[in-house]
């Protein structure tokens, strides 16, 4: 579409001209945007204890980052600096596998992101319903979802820089009550409670989906690479710092919560940390944690919507979507992308927490398979292309690194319910239909597509560079 189907190329060091005139994200803002893309705090991890008990929950959040989060973050650091533009993973897959698969990845990732964003108003209201029962169901809940979605959508419209610094403030505020809860829990800690496990009574589907949902989406920040100040240096560092922050924010509250009160697994559902806070610190700590939950979900919403809308903007700039998706507001934000993402959130907000998590995980898994294939193919096809950050492994080492996360993807898919599988496969089928429809629309000039699409030109490159993730 446009000239993208012919893979028009540009120099590897050139910057997309459309994002030059707007204020860029700093590393601090980027760290917290990644934090909110992936985590946003321990809100929603309670189901891991209900599904498998304290020991497996703690081990899961310690070991899964090694199997999944670190490889995904490393790939994002390498390819995000190799393609420092809006569109992120769509450009990676398009460059390696062609525009058809780039479009399919873009569709699956955007849809899984919108499904993910529909979760945050639900999760926010689940934390508040213990204090305000009217928010549990019915008209008041629907109205609250609508008000939240409109308000947070407007925040995205006002500018990515505002979103970045809001994410910093919300992140600090959301973590503080859990830090305090941990100190309050110390006199009541019983280390033996951390070791409780019953392998014969594990809901593996709920357990794996909860872990996977709370530890993925490291690649989402790549769709904002064109809005980052000096992405070739900033992006790898921000990913490293965010990874440390995410693991800490999960393990610390789990240690405090499971170690300080007697275990009743059936009570560990989303929102249960507020009940633990009431037992440990009283009503005031519960209110503080509920406020933190609300602000955290706000942060996750604006971060996810930013990623989703800038992905659509990047795809439009490459001629994969109609040009009106690339339209920016006076604040530099992608207006149409924001409106499309907000509409999807409202349409999906009726789903339950567990249904949303399972559906988005299914789509996300297929998208990650395409990213893994594209990463290896780019390593083999363009081994000397400039990579400002390069994973310190050869191609064989990278293939071995990706075996455990690939096995995890297969396991997560295998545990999907029939309902989730059917709905997700139908959603993927829509993507297969949409791509030829876009080509047909462009050929008949029913809508205008970008005529200046390009991909980095790696042909003829005779050098490569790399640097440490930290330095």
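The backbone N, Cα and C atoms fix where each Cβ goes, and this holds for glycine too.
Taken from TrEMBL as is:
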- 51-68: transmembrane segment (TRANSMEM)
- 89-111: transmembrane segment (TRANSMEM)
- 131-155: transmembrane segment (TRANSMEM)
- 162-186: transmembrane segment (TRANSMEM)
- 238-256: transmembrane segment (TRANSMEM)
- 276-295: transmembrane segment (TRANSMEM)
- 331-350: transmembrane segment (TRANSMEM)
- 356-376: transmembrane segment (TRANSMEM)
- 396-415: transmembrane segment (TRANSMEM)
- 421-440: transmembrane segment (TRANSMEM)
Counting Cβ pairs under 8 Å that are 6 or more apart in sequence, does the total for the transmembrane segment (238-256) and the transmembrane segment (356-376) reach three or more?
no
Chain residues in Cβ proximity to the transmembrane segment (51-68) (below 8 Å; excluding those fewer than six residues from its ends, i.e. six or more beyond)
45, 193-198, 201-204, 206-207, 210-212, 214-216, 243, 246-247, 250-251, 254-255, 258-259, 263, 265, 404-405, 408
Can we call the transmembrane segment (421-440) and the transmembrane segment (356-376) in contact, meaning three or more C-beta pairs below 8 angstroms at a sequence separation of 6+?
yes
Mind checking which residues of the chain, 6+ beyond the ends of the transmembrane segment (396-415), have their Cβ under 8 Å from one of its Cβ atoms?
64, 67-68, 71-72, 74, 204-205, 208-209, 212, 361-362, 365, 368-369, 372, 375-376, 379
